[in-house]
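Positions annotated as active site by Swiss-Prot, on the basis of sequence analysis: Glu143. What Swiss-Prot lists as Ca(2+) binding site is Glu9, Asp93, Cys197, Asn200. Residues or ranges marked as Zn(2+) binding site in Swiss-Prot: His142, His146, His152. Here Swiss-Prot flags Cys117-Cys197, Cys157-Cys181 as disulfide bond. If you look up Swiss-Prot, you'll see 6-202 marked as domain 'Peptidase M12B'.
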Amino acid sequence: STEFQRYMEIVIVVDHSMVKKYNGDSPKIKAWVYEMINTITEGYRDLYIDIILSGLEIWSEKDLINVEASAGNTLKSFGEWRAKDLIHRISHDNAQLLTATDFDGPTIGLAYVASMCEPKLSVGVIQDHSSVNRLVAITLAHEMAHNLGVRHDEKDCVGVVYLCIMRIPVVEDKRSYFSDCSYIQCREYISKENPPCILNKP
């Protein structure tokens, strides 16, 4: 129903390591990102959230923050940069950094939990960890869901017959769904906190 419907305007920032990885081929980078957005848009329909790509920024010359192997440090820097720079240039609700940097350990993404609309905290960082677009897209969807108050799926979540986006580790499947747990957590967060920035239809 429409009372549940929310609109999440996101900006994807592609860092300089990505530019190098794709040999400076902007059209290729854009196509890669657009394909991911199509995938997550499909997944987020289950949560009554429309995903709108408000901006795609490519750091073609150099990084505007210090992107490092520590996902935590990179996340903090990216959030601070968003609050002091990006938010003043592009109207959006949430920003995600896509990097070719290999984060420490098994980490392929990191985001703050239940932080939608917060200037420094409505962010995530994603490692471009696979040549399979869908797998990177699932990581993106996963980190964005943390921003929306969704935690990792426990074993007793309904929907384990198919792959769930919030499962750890993420495995490949034709279509990734949010589990009932994710749906309930997202609804609870939205009804309790009612983050204002995702109410307006752009």
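Just so you know, glycine gets a Cβ as well, placed from its N, Cα and C.
Swiss-Prot feature annotations superimposed on the structure.
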residue	record	Cβ contacts under 8 Å, 6 or more apart
Glu9	Ca(2+) binding site	Ile52, Ser54, Ser91, His92, Asp93, Asn94, Cys197, Ile198, Pro202
Cys117	disulfide bond	Asp93, Pro195, Pro196, Cys197, Ile198
Glu143	active site	Gln96, Gly109, Leu110, Ala111, Gly124, Val125, Ile126
His146	Zn(2+) binding site	Ala111, Tyr112, Val113, Ala114, Gly124
Asn200	Ca(2+) binding site	Tyr7
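A distance of 9 Å separates the Cα atom of His152 (Zn(2+) binding site) from that of Cys181 (disulfide bond). Around the Cβ of Cys197 (Ca(2+) binding site), the number of neighbouring Cβ atoms within 10 Å comes to 17. You'll find the Cα of His142 (Zn(2+) binding site) roughly 13 Å from the Cα of Cys181 (disulfide bond).
Each of the binding-site residues His142, His152 was scored by the number of other CB atoms within 10 A of its CB, and the lowest score belongs to His152.
Sparsest Cβ environment among the recorded positions Asp93, Cys181 (other Cβ atoms counted within 10 Å): Cys181.
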